[in-house]
Amino acid sequence: LGDVPGTSGAVFVARPESKNPDRFGLFGAPPLEEGYVVLVGDENLKQFPPPSEFLLSVWNRSRAARLVCCSIVLCCLCLTVFLYLSENMGQTVTTPLSLTLDHWKDVERIAHNQSVDVKKRRWVTFCSAEWPTFNVGWPRDGTFNRDLITQVKIKVFSPGPHGHPDQVPYIVTWEALAFDPPPWAKPFVHPKPPPPLPPSAPSLPLEPPLSTPSRSSLYPALTPSLGAKPKPQVLSDSEGPLIDLLTEDPPPYRDPRPPPSDGDGNSGEATPAGEAPDPSPMASRLRGRREPPVADSTTSQAFPLRTGGNGQLQYWPFSSSDLYNWKNNNPSFSEDPGKLTALIESVLITHQPTWDDCQQLLGTLLTGEEKQRVLLEARKAVRGDDGRPTQLPNEVDAAFPLERPDWEYTTQAGRNHLVQYRQLLLAGLQNAGRSPTNLAKVKGITQGPNESPSAFLERLKEAYRRYTPYDPEDPGQETNVAMSFIWQSAPDIGRKLERLEDLKNKTLGDLVREAERIFNKRETPEEREERIRRETEEKEERRRTEDEQKEKERDRRRHREMSKLLATVVSGQRQDRQGGERRRSQLDRDQCAYCKEKGHWAKDCPKKPRGPRGPRPQTSLLTLDD
């Protein structure tokens, strides 16, 4: 304790030691009951040291004190962090978007099953920034509502410049998550609502409950139950908008045949009897809206045969607007028989037309020659009792008559005849739409630059149906269709499909999925232009470099040749000088240097010409330019 302030010169007196030397007090001090230390300070010290200085000295000297203090501080810090995280975690909100990001591996697996690839960054961008701008109610945090997903999908798949092909893999994956949710997404998927029950005509508060309806509502009616009829309700003025909504599309026709009375009396007798309250002003206004002239109503969506409010089949003919729209919005039978056949098939299934309606439909959508060809093919499809096509006139006329039959749609036998007639008519449309066999037409169907493999396959199958007698859906024709799909696909897709491993064991569905994957990984037009520009620049740079190298090589070759030429000239001159020196050194003492004869010297040579010396010719030197 010599370092403790104020203890200089102190006398330390220790009590007797404890009998148990292994026991220690706090911070290593002996226990209280075993003795204590008396500190006697300096007599001259007037003021005792403060306790803080004593504690600091203990902190500096005792390792146990430091360990205990650090442990207490660490525990407090951990407790604070735990409480903070608990409060924040309790306030976290899970959204469909965050849920998909937390299970991104499963999302990628589902996308791979759909033969598409998705990226997390674009997933977030489309969900939070792109799809909310479609004005279909898509929230920024995403949703698993099937209706909203379907509306966004329609926007994405829109043809022309309004579509978004780059968003197709992402909305397809969203749709797969909603319609086939994994376990972690099932609690967030909206349950599929049951199909809404169409309101029945007698349930409207405008007619007395016991009266027989004189006209049917536009909306499908329910068969009346066997129980007691509900009491009619009188709507208040606040419910006026509901009544307006129900009467937006009034029925265009009155019932030409009043339904049989069920014993409750007609509506004219029921109203004065006082069984129903007087109609309200809103109901009067509604009745006024529902009773315009029949000829002005041309926007009907009603079926020719449908169940009325009393459970009886009622007849509603086609409206002129429906026939007009079907004719103008579809190609002719000669141009595209498949599309028009599909339209007529849907009409036959949903509208359940009578014999007269079928003739009206064929007369509107087909030309005279096309109609005769369809009727002829339909009569050829009539089968006899043995199940094989028959040519017996009585059986053919009974199944597919050319004159108006007396089939009553209110009876079971009449409805059976109508069903058979519609089936034969559909078979006649399919057979009449086939052109003569022309395989060249099938081979001429090729995939467009921006056409998806699925759309191309549909066009190819339609060509098979139209120009060949084969059915592309037949398993025996799958190999031929698959080979045509590979050979007539786009060049980049066809090359990759031909290099697939185990190609002979691939089904047509496998080839389509692989083609879709290749199609989705194609570069965009902007990327293609950038690649072409970059390749052009690289080619120009490479050509310029090659030209510079060739020019440098040509200069080096020219300098090398000139150097060789100069070296040859210089060496020849040197040899000439050396040769002249050697010849001059070989002359004898009395030999002439001019005529090489002995007996005189060159200055006395008689053969040497005399007279003045002419000018010496100028010596020409060879330069690099020569």
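Each Cβ is built from the backbone N, Cα and C atoms, and glycine gets one as well.
Here Swiss-Prot flags Asn60 (among others) as N-linked glycosylation site, drawing on sequence analysis.
Summarising the annotation, Swiss-Prot assigns transmembrane segment to 64-86 and lists sequence analysis as the type of evidence.
Annotation for Asn113 (N-linked glycosylation site): same-chain Cβ neighbours under 8 Å, separated by at least 6 residues, are Ala176. The annotation N-linked glycosylation site is assigned in Swiss-Prot to Asn113 (among others).
Taken from Swiss-Prot, the feature compositional bias 'Pro residues' applies to 195-211.
According to Swiss-Prot, the region 'Disordered' annotation covers 195-310 (among others).
Per Swiss-Prot, the feature motif 'PTAP/PSAP motif' maps to 199-202.
The annotation motif 'PPXY motif' is assigned in Swiss-Prot to 250-253.
Sequence annotations record features per position, and here Swiss-Prot assigns phosphoserine to Ser280 based on similarity to another entry.
Swiss-Prot lists Asn505 (among others) with the feature N-linked glycosylation site. Of all the Cβ atoms in the protein chains shown, 8 others lie within 10 Å of the Cβ of Asn505 (N-linked glycosylation site).
For 523-554 (among others), the entry in Swiss-Prot reads compositional bias 'Basic and acidic residues'.
Among the features that Swiss-Prot reports, region 'Disordered' is placed at 523-626 (among others).
Sequence annotations record features per position, and here Swiss-Prot assigns coiled coil to 526-566 based on sequence analysis.
What Swiss-Prot lists as compositional bias 'Basic and acidic residues' is 574-607 (among others).
Counting residues per DSSP class in helix, strand and coil order gives 30 helix, 0 strand, 2 coil for the compositional bias 'Basic and acidic residues' (523-554).
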